[in-house]
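As recorded in TrEMBL:
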DOMAIN    48-149  domain 'NAD(P)-binding'
Amino acid sequence: MLLITCADDYLGYCITSHLSQSAALCSDMRVLCQETNTKLPWLCNFAKKGIDVLPVNPEHPNHLSKAMRNIDQVILIMSNHTDRVAHCRRICNAASKSGVQSIIFLSHQGAQSEQHQALYDYGLVENHLVSKQQQQQDMNWVILRLEFIQQYFHLWSHQVEVSGAMSLPLNSDTELCPIDISDVGAVIAAFVLQQDGSFAACLNEYHAGQVYTLTGPEAVTSKSIVSMMSDATMYKLHRYLKVRLMDTAYYLRDLRRNIWFDERLKKERSAVYTDQEEYGYRTKALCLPHDVQIQTFLDYFDWINKTSSSVHVEHVEVITKAKSRTLQAYFHENAISFKPRV
C-alpha cells in the first residue's frame, strides 16, 4: 500500500487528488490526517473513492505503527505544525521499524540553508532520512526539493483583485522558477505507479538515494509575473510593488479576517465534496496559510533574494518525459481570480 501523510493540509490534498485519478490505485492508498480534521470535505471525498482515511496523533507510537500496517511506500509531506520536524522523524522511524520499502520526501528549495529556520526544517528531515538509510540499508528514499508552487499565488489573488497590484518581497532582478502542483503530482506518480496504473510496491533502483530539484520550465521575475497576469486577464494596468517581508506576513495573516477570501474558501470546500474534475485541485486556494507556512514563504523569498535567484532544472521533464506547465498557463487557467474589480 501507499501512505500519504498530511492529507488535511493543502499539499497533501493536491497530491492525493492527483494520484486518486488512477482508480486502480485508490484501494491501495491510505492517507493520514489529524484527529481534529476528519470532517474536512476533501477527506470525505477521498473516503468515497475507496481511500483509507486514518486520523492519527503523530506523538502516539501505537497510532503510527497502525498507520504503517501493510505499507510499502510513504509519501512524506511536512505538516504546518510547530513540532513538524519531530513529527516527520517519528514517521520515518515508524516506517523503518515496519519494513516500509521506500520514502518519498517532499522537501523545499533552500532546505540546507541554516540561516533560514523554516527552510532548514526540511534539511533536518533530509539529514534524518539519509542517516536512517545508512543504518537500515533496505529502506530507500528519494528527496524532491520543490520550488515555490504556482498555486500558492492563489493567496495573492485577492490583493490583485482589490488593488490591481501584486506585492512581493522580491528584488526586481530576482528570478524564481515556480512549479505547477500537477507536475509535482506527475513526478510522484512516476515513482508509485506502474504502466497499467496499478501500485508499484517499491521505488525504482534508478531513483533510490537521489535528490531531485523540481522547478517550473522557466525563470521569471516580478516584472514578468505582472506581464503574464496582464496577458491572461486582458487588464493592462497591473502593477508590481516590492514590499518588506513583514508586509507580506501581515497580508497573509490578515486573510484570516478577510470576508471575501473566506467566502471563496467556503465555496471551494463545498465543491470538493463532489469534485470529479481531473485537475480541479489546481484552481483552489482551499486553505488559509498557517503561521509556519507563512514563515516558510518569507524564508524562501529571503533565501532567493540572497542567493541570486533560482534556475530551471530539467528533473521534472526527465522523470515524467513531458514538458512542465508554465506560469503563464497558471494565470490563463485562473484569470478570473486575478482580474481587478473596476
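Even glycines carry a Cβ here, placed using N, Cα and C.
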For the domain 'NAD(P)-binding' (48-149), what are the DSSP-based totals of helix, strand and coil residues?
41 helix, 25 strand, 36 coil
Integer average pLDDT (0 to 100) for the domain 'NAD(P)-binding' (48-149):
94
